[in-house]
């Protein structure tokens, strides 16, 4: 990545920073940067506003079908962006059921599509934490006469603050670096830095402009991280985490407003585009209902314009995602454990903050930059005699990098929520640091680990940007196959692609359902 | 407050975590093992040749057939769409990711030549009918070498839904001017030339038709007449076009001259769309030997195979393009429903002129209509 940026600044073998003032001197650059910040900001606010009710309903209330609903909400997050783009333009565009809203090719459309992906992120990161929040402080507040809303604002909200700040930072980073959706739904008018880098690199081979924009993207990501770190740090303290499986309430009358918001979110923002996608995958061009697109996926693959077969692509995707998820988990756990420490020395604290930011950086690196950068550097890297550029090993590594920040952000609030006194008490009773780790941190981590693993797996399964930019031998992952099918003019190819997208969504949702189950089982042990 | 854990529970958790770590490591090693196992060993290297292609290429089928035909062990890797492939080749100049390439089209051809990425070569049994399509090598002394070898061709043209026009009692449009005519207001879908190679083809076509001074004015008239600009072919054809398989409402779309061969009725007697052959610009897809290839001999053999009759005749069915070899058989539906425009009718420019002018044209469009 660095070398690609460097290539952009070197002219005739000399360092040449003249691109910086030149690119920043253009109006378009500033318009694109403004769009990026505005889109990501609005998407973050919307996702948090809609994600909190979702977190409450999905993680604090007990009702039949809750696990299924949680799984369903994961689908958006892993759908290939091309598919989401097509689903949204089918919904909002000419001839779509929501055409009357006039949201086609609009700022609101882009923000809605970004929220479509990210409400889940908020619901899951905040919900996982909220579920284990001890209720006694709230009860105390209520006993002392605070109303439900007041108690929520003065007790629950502050306790949730680190988790919300975490989730918000993630959403902002995802949104400001979003590629496929912004490219399709935004067009040139609502382009962001990421799609602009893509255009400059892929269409114009303007490495100088792309490098300068990469720096701008870094600056945006860095600023977002700084803000979220500040928000987190000021709100971070040990909160009482319920250790026993808390008995969730059945939804009551007082939950009605929250449930209504949640219901509207799920129906309008999530179910509608997914239903549009599902319906199209089940219909012929004449409008008759059919299963032929699904049959085409398993039938003789030679009728479809892709390499190999769809089942082979699914199998490869699963294997790669397993490796990527494992990599992300190992790294993520180690990083989260390190980051959860609170060193006394100022220097160490500074270092910790820096490291925290570094971990999140993969989110700020554009997939194009990453893909092209790997091409430049992976030719017999570090004296290894293999050309890694066409090696399939790069794919899980790239995917693990993409999933890593999610894993860390899922695990970290839990670890930081552990009362430091617990560790001190254990130490003073003679436990060595390893024992403390084993008896306190790891068991607490174990509960969120299932969730983080599921997240990492599902994200790797659906990862498209980085994977599609890597040069790869014969085999294709499922999202790449789906994108290729959808973009091909062979008869039946588009339908098969939509069917493949539905399959991908179902697969990822299934993984998340399993991860949730895993977590529930573990809870009983503590 | 935390409840004390029972030692048994924490041990089982630990076991689970340790187990996960172990299996992850094993998986990782296994994957790394697979990959290095596939790496070329020195003895086998001379028999192995790698072809890098764009996304819509029948990799496996080609690898098998080409290995059989050339005696080399042919491996195929994908590197994105045409533009991405071109830029990857330019970026890895000197240490190419493959020995030969296929899939760079007219729009990007000169970029490869200008950056000295290719090794001039002319296949031995090159079909005489395709010589005009080749990009000649102007540097070397041997006058008959090609910089880029043409393999297949197609044309970007507007397509219309014929039944829609019959139903509305509206005469079918025929050329560029009709699309800017208020009678055909709000009916057309075009593609953003900065985001899609099909859209870039239209840009070239309009520059060829209206001149460097007139094309931007034509685009302006198109947009003023309600033309919708999509980012990619999928969103345009499958999303917006009335015959695109979805719920589209626009009966005119920018696509290919071959597209009508894919809207043929089940009995094969009729097609529901037609390409407007007066609005086409040609696309030729090229192959070549990469400069600095590890196996230049093998690379030449692969390029030979790409222009052989055997492979040429598979092109319509696998890549949805026309073979460059005029003698090669094409499917009946193609000759009936999807003819190429007459050479004189297409709006074309030389590759070098495209490379020289493209950025300026895009800037002009950007200033004029905000693209």
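The backbone N, Cα and C atoms fix where each Cβ goes, glycine too.
TrEMBL labels come from automatic prediction, so no person has curated them.
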Of A:140-163, A:164-187, the range TrEMBL labels transmembrane segment: A:164-187
Per TrEMBL, the range holding transmembrane segment, considering A:359-379, A:422-442: A:359-379
Remote residues contacting the transmembrane segment (A:312-339) - C-beta distance under 8 A, at least 6 residues beyond either end: 306, 352, 355-356, 359, 392, 395-397, 399-400, 403-404, 406-408, 411-412, 415, 437, 441, 445, 449, 452-453, 456-458, 460-461, 463, 475-481, 503, 507
Among A:107-131, A:207-227, A:256-279, stretch most in contact with the transmembrane segment (A:491-515) (C-beta, under 8 angstroms): A:256-279
Residue numbers, six or more beyond the limits of the transmembrane segment (A:391-412), whose CB comes under 8 Å of its CB atoms: 121, 124-125, 128, 166-167, 169-170, 173, 320-321, 323-325, 327-329, 331-333, 335-336, 339-340, 359-360, 362-363, 370, 374, 378, 445, 448-449, 451-453, 455-456, 459-460, 463, 466-467, 470, 472-473, 475, 477
Among the ranges A:37-59, A:107-131, A:256-279, the one whose Cβ pairs under 8 Å to the transmembrane segment (A:71-95) are most numerous: A:256-279
Beyond the flanks of the transmembrane segment (A:448-471) by at least 6 residues, Cβ under 8 Å: 74, 77-82, 124, 128, 179-180, 317-318, 320-322, 324-325, 328-329, 332-333, 367-368, 370-372, 374-375, 389-390, 394-396, 398-404, 406-407, 410-411, 414, 477-480, 483, 504, 507-508, 511-512, 514-516, 518-519, 522
Long-range Cβ neighbours of the transmembrane segment (A:164-187) (under 8 Å; 6 or more residues past either end): 35-37, 39-41, 43-44, 47-48, 51-52, 80-82, 84-86, 88-89, 105, 109-110, 113-114, 117-118, 121-122, 125-126, 193-195, 198, 217, 220-221, 224-225, 227-228, 231-232, 235, 360, 363-368, 405-406, 409, 412-413, 464-465
